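J.: When I checked TrEMBL for this same protein, it listed these features:
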DOMAIN    131-272  domain 'Fatty acid hydroxylase'
DOMAIN    454-623  domain 'Very-long-chain aldehyde decarbonylase CER1-like C-terminal'
TRANSMEM  17-33  transmembrane segment
TRANSMEM  40-60  transmembrane segment
TRANSMEM  94-113  transmembrane segment
TRANSMEM  125-144  transmembrane segment
TRANSMEM  181-207  transmembrane segment
TRANSMEM  328-347  transmembrane segment
Amino acid sequence: MVAFSAWPWGNFGNLKYLLYAPLAAQVVYSWTYEQDYSRALWCLHILIICGLKGLLHVLWSTYNSMLWVTRTLRTNPNGVDFKQIDHEWHWDNYILLQAIIASIICYMSLPLMTMNIIPLWNMKGLVALIVLHVTISEPLYYFLHRSFHTKTYLFTHFHSFHHSSPVPHPMTSGNATLMESLILCVVAGVPLIGSCLLGVGSIGLIYGYAIMFDFLRCLGHCNVEIFSHKLFETLPILRYLIYTPTYHSLHHQEMGTNFCLFMPLFDVLGNTLNSNSWGLQKKIRLSAGERKRVPEFVFLAHGVDVMSAMHAPFVFRSFASMPYTTRLFLLPMWPFTFIVMLGMWAWSKTFLFSFYTLRNKLCQTWGVPRFGFQYFLPIAKQGINNQIENAILRADKIGVKVISLAALNKNEALNGGGTLFVNKHPNLRVRVVHGNTLTAAVILNEIPKDVKEVFLTGATSKLGRAIALYLCRRGVRVLMLTLSMERFQKIQKEAPVEFQNYLVQVTKYNAAQNCKTWIVGKWLTPREQSWAPKGTHFHQFVVPPILNFRRNCTYGDLAAMRLPEDVQGLGTCEYTMDRGVVHACHAGGVVHMLEGWEHHEVGAIDVDRIDLVWDAAMRHGLRSVSSLTR
């Protein structure tokens, strides 16, 4: 019995999908070499149904992750974290199992299952299927499901796996042990096989029931109350005929009630109906649109490019839970995504992208519906600033404590690093933070203490200025690459007189041919990188990061920090960052919130606060993740 708690292909990884290959091969072989296409058609039907089932789960997952639509209707307000996503990674095992069982049934009964015997549609079959579902499938599932909960051995070995997901999600519906999935195959198969044996089955019935069965399973686990309470008040009988996401979420919370498959009637008959089922459902629907909890912190992000837009959790949850990399098989989706991007440019507003909690404080990421290239279009500048300003005002209105601006949202040429909004709205209660102080601190703490000389590109930028002034105070000679004598001298004069000589203006890359510590704030071509001596390490604060061109040099990642270990509900990677790692400007906003600082952090970086911000980050459990890659 214990063997049925694990999947036979559990160690195959993604190679398990090769088990579909015999079906595809049969389709190709039959159409190529056989005159009777019956075998090929049934194999094709199985493959299509499996594909539709997978697509159905992805679409439900997309809906679940569209937080700007669903956030006030969620039955469980917590987020799905990386642990749960990994736990549910092979949620589609049951689809593969159904394909194998369906193939066996088709091969055993192929002489009876020809296209002449089974028509495209038969209305009598629908009646037979409904009767078989209500009289056999529903009570059978109720009895077995209840047994899984009441018998400790069954729950421990076969059903606890399903309940190990703390937050219901469409993928949770298919995440079960082999034993549970076999039972579901029987429960779902009885109406289909029965109607066919009665001679009233049809192709449409097979497709419709197979898809609707999974549709309703996803609905129950979607964690979003989609039904209006008025529907059940107008037609009370529906309370016995169809369950709701709230209804099934109560089963996952309390586990001693609401065992039905889809029809609460059987919980009523079995006296296992949770008394809060319909009251809670009405409460959630009545509060739709109301903000249930105000975030303490908001990170205002933006898109990078069209391909990385498909890294969003409302596109593919599994991809979003991993650091972004270009996946070539997604290229066919590029045109559609590009059209969506144009639509967002024309009509979309800032939206809720993701969230997590840290020490009982709600932290959200809002997305400005703009992509990287748009920030460099003169015609888009005003529109982008309007989006950022509206987001800040909205955050201020609802009571957000800190809002941190990501990457290009704080571009100096765009809004002066956030000063535009603070000066325009002097009475803001929300604190606007660019997070660059912590970004500078992360870069500076990556540099070994014994370094005596560095080469700095992007030297007169906001970050470049702060890094140069900090290092010169440490007695480090800084070769500042800039063609502007005026900007260099302005920065040099900010340094204490006794350290001004440590700042040196250079105008060409060959000036650093003997310097092994490069701090890169401006994109470097392979030719420019070639001036660095062997063994050079490239620290970076340039977006996008430079190419790892030199094999005899090392490259640092963008400044980033790992969130404290007690973060909860985090299930999305921030662009190319590892799990649990965020850009330093994001972390800077988190520190600002945790410290309860009352000042804005906009405009030029206060060099005197770099160490203070770094110490605060360390005190709150954030850690630098400076990793070297060859």
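Placement of Cβ uses the backbone N, Cα and C atoms for every residue, glycine included.
Any TrEMBL annotation is an automated prediction that lacks curation.
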J.: Going by DSSP assignments with H, G and I as helix and E and B as strand, what are the residue counts for the domain 'Fatty acid hydroxylase' (131-272)?
T.: 101 helix, 1 strand, 40 coil
J.: Over the domain 'Very-long-chain aldehyde decarbonylase CER1-like C-terminal' (454-623), what is the model's mean pLDDT?
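T.: Within the domain 'Very-long-chain aldehyde decarbonylase CER1-like C-terminal' (454-623), the model's average pLDDT equals 96.
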J.: Quick one: do the transmembrane segment (125-144) and the transmembrane segment (94-113) have at least 3 Cβ pairs under 8 Å, skipping pairs fewer than 6 apart in sequence?
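T.: By the criterion, they do not touch.
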J.: Mind checking which residues of the chain, 6+ beyond the ends of the transmembrane segment (328-347), have their Cβ under 8 Å from one of its Cβ atoms?
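T.: Beyond its ends, the transmembrane segment (328-347) has Cβ neighbours at 303, 306-307, 309-310, 369-371, 374.
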